[in-house]
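Reading through the structure tokens given below for one structure.
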Ligand SMILES: O=C(CO)COP(=O)(O)O
């Protein structure tokens with residue numbers, strides 16, 4: 001583990017009605033309180049419908065709350081969208097931007113993601129900027145070019161280690177049960193680190209998370225990879241026991 005404090009983030013995606021979501025938030029919050037001294041920061045990103053309630057449950061404690069997306073504008077005629085200041089207003093401290101499901105389902109380009117990241121910063125939110133190659137891109141040997149290209153455009157010049165976290169999520173490893181190997185993760189994280197240190201004076205201070213089928217059984221070995229500063233967890237973040245075991249893997 002690096003000198004950077006790890007962040008374990010849960011992306012609930014489009015899951016959880018109120019009862020389940022609040023039970024999950026309460027379960028995590030209670031465990032965090034009981035444990036006291038934690039070896040990592042904890043973030044949950046519920047669907048927008050639950051952010052306010054989850055923030056009420058976690059109530060400024062060790063479990064932080066984030067959104068899953070924000071609009072580039074602060075307000076306006078954008079039906080169905082949510083502005084970054086609105087997320088901050090209901091208790092979010094973070095927001096995911098550029099998740100591959102947003103890139104694919106909503107045709108989000110790295111240029112738009114840079115604008116969303118800046119909107120998040122302007123609202124005082126920490127942006128978790130997601131990047132990752134598809135299976136086809138990996139098979140073509142284009143992984144590092146794709147990921148570095150996404151980083152170069154998606155991460156704005158106003159990014160700092162305090163307002164920005166990077167999440168590397170190979171698309172082929174998301175929700176598939178296929179995890180990238182330790183060597184594959186190490187190679188990409190080192191490349192991202194090199195890109196960040198080349199561009200930012202304090203590039204070595206940014207946290208770089210790995211995401212893609214992280215679960216209790218593989219968390220410890222992934223978190224031990226150099227330049228892996230935490231995890232962005234999908235499916236396994238929906239169960240208190242599983243997510244907590246991943247959190248404990250940071251110890
Ligand atoms: O997309 C992810 C987190 O943002 C990863 O999802 P899974 O952990 O379900 O593979």
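Using the three backbone atoms N, Cα and C, a Cβ is placed for every residue, glycine included.
Per TrEMBL, substrate binding site is recorded for 11, 12, 13, 175, 213, 234, 235. According to its DSSP assignment, residue 11 (substrate binding site) is in a strand.
If you look up TrEMBL, you'll see 99 marked as active site, electrophile. DSSP gives residue 99 (active site, electrophile) a coil state; it is part of no helix or strand. Packing around residue 99 (active site, electrophile) is summarised by its Cβ count: 28 other Cβ atoms lie within 10 angstroms of its Cβ, all protein chains included.
Per TrEMBL, active site, proton acceptor is recorded for 169. The Cβ of residue 169 (active site, proton acceptor) has 26 other Cβ atoms within 10 Å, all protein chains considered.
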> Checking the binding-site residues 12, 175, 235: which ones have Cβ within under 6 Å of ligand 1?
Replying inline: 175, 235
> residue 175 (substrate binding site) to residue 99 (active site, electrophile): how many Å between their Cα atoms?
Replying inline: 13
>> Pairwise over 11, 12, 13, 175, 213, 234, 235, annotated as binding substrate, what's the top Cα to Cα distance to the nearest Å?
In response: 14
> Relative to the Cα of residue 99 (active site, electrophile), which of the recorded positions 12, 169, 213, 234 have a Cα no more than 10 Å away?
Replying inline: 169
